[in-house]
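J.: After the structure tokens below, expect a handful of questions from me.
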Amino acid sequence: MSDKNPRYSRILLKLSGEALAGTKDMGIDTEVLDKMSLSIAHLRGLGVQVGIVVGGGNLYRGAQLQKEGLVGRVTGDQMGMLATVMNGLAMRDALERRNIKTRLMSALPIGEVTESYSSRNAIRYLKNGEVCIFVAGTGNPFFTTDTAACLRGIEIEAGLILKATKVDGVYDKDPSLHSDAVKYDGLTFDEVLEQKLGVMDLTAIALCREHDVPLQVFDMNKPNALLNVVMGENEGTRVYH
């Protein structure tokens, strides 16, 4: 594999908050941060340009508060956006400890903490060899960070959007609950939408389909899985037009 060139020169990686929590129920697992920053360092060493969208579910889950009427949907979503900023700060520092220059770009203006998101600036940074972490989702309530990942991937002209999960791809049903669950090696966007497989929310899938940007779902805990995907190896589940 070391003799091959990467299949993709620019990617968008989606890291959910739950993935960052690792084996914990909440919070950030430092081992996950360390492993992921190392994987990204390997990609940068191969010249791959990397954009990252992080979720916030490991720090804030608003469903219960909203259910109990303590906060409204808009407020809850805004709290979730702020949680992604905290995750982004942690990921930025993990990357910079490996001497990888990293930009933290927010869809919400947060003066002294991040810079405001601009697709033109992001592409410029990526071309200069910097990693860009995109936080605060789309900046709007009612949109998931999965949708934000697809949107940012399209805006920065990524060749592939990768979703890092705790399972090794997409199954016809939850493999943690059903021993007979069947894994898909490949699916079309239409099949995902028709079967409602839950790869990402429907808005995110529709965006990728409309702009013909492939999606790869892989197990972030499997050694070298991220590198394998970018090198074009068979890993996880591919969703395509």
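Positions of Cβ are set from backbone N, Cα and C atoms, glycine also.
Got these off Swiss-Prot a minute ago, pasting:
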- Lys14, Leu15, Ser16, Gly17, Gly57, Arg61, Thr165, Tyr171, Asp174: ATP binding site (BINDING)
- Gly56, Asp77, Thr138, Gly139, Asn140, Pro141, Phe142, Phe143, Thr144, Thr145: UMP binding site (BINDING)
J.: What Cα-Cα separation, expressed in whole Å, is found between Gly56 (UMP binding site) and Thr165 (ATP binding site)?
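T.: Cα-Cα distance, Gly56 (UMP binding site) to Thr165 (ATP binding site): 14 Å.
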J.: Output the one of Thr138, Asn140 that, of all these binding-site residues, has the highest number of other Cβ atoms within 10 Å of its Cβ.
T.: Thr138
J.: Could you tally the C-beta atoms, other than its own, that fall within 10 angstroms of the C-beta of Gly56 (UMP binding site)?
T.: 26
J.: Calculate the distance in Å between the alpha carbons (Cα) of Gly57 (ATP binding site) and Phe142 (UMP binding site), and round it to a whole number.
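T.: Pair distance, Cα basis, whole Å: 15 Å.
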J.: In whole Å, note down how far the CA of Ser16 (ATP binding site) lies from the CA of Asn140 (UMP binding site).
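T.: The separation of the Cα atoms works out to 18 Å.
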J.: Cα of Thr138 (UMP binding site) to Cα of Lys14 (ATP binding site): how many Å, rounded?
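T.: Each residue's Cα considered, Thr138 (UMP binding site) and Lys14 (ATP binding site) end up 13 Å apart.
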J.: For Phe142 (UMP binding site), what is the secondary structure by DSSP, using just helix, strand and coil?
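T.: Reduced to three states, the DSSP call for Phe142 (UMP binding site) is coil.
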J.: At the Cα level, what's the spacing in Å between Asp174 (ATP binding site) and Thr144 (UMP binding site), rounded?
T.: 21
J.: Just report the maximum Cα pair distance in Å for the recorded ATP binders Lys14, Leu15, Ser16, Gly17, Gly57, Arg61, Thr165, Tyr171, Asp174, no decimals.
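T.: Taking every pair among Lys14, Leu15, Ser16, Gly17, Gly57, Arg61, Thr165, Tyr171, Asp174, the longest Cα gap is 25 Å.
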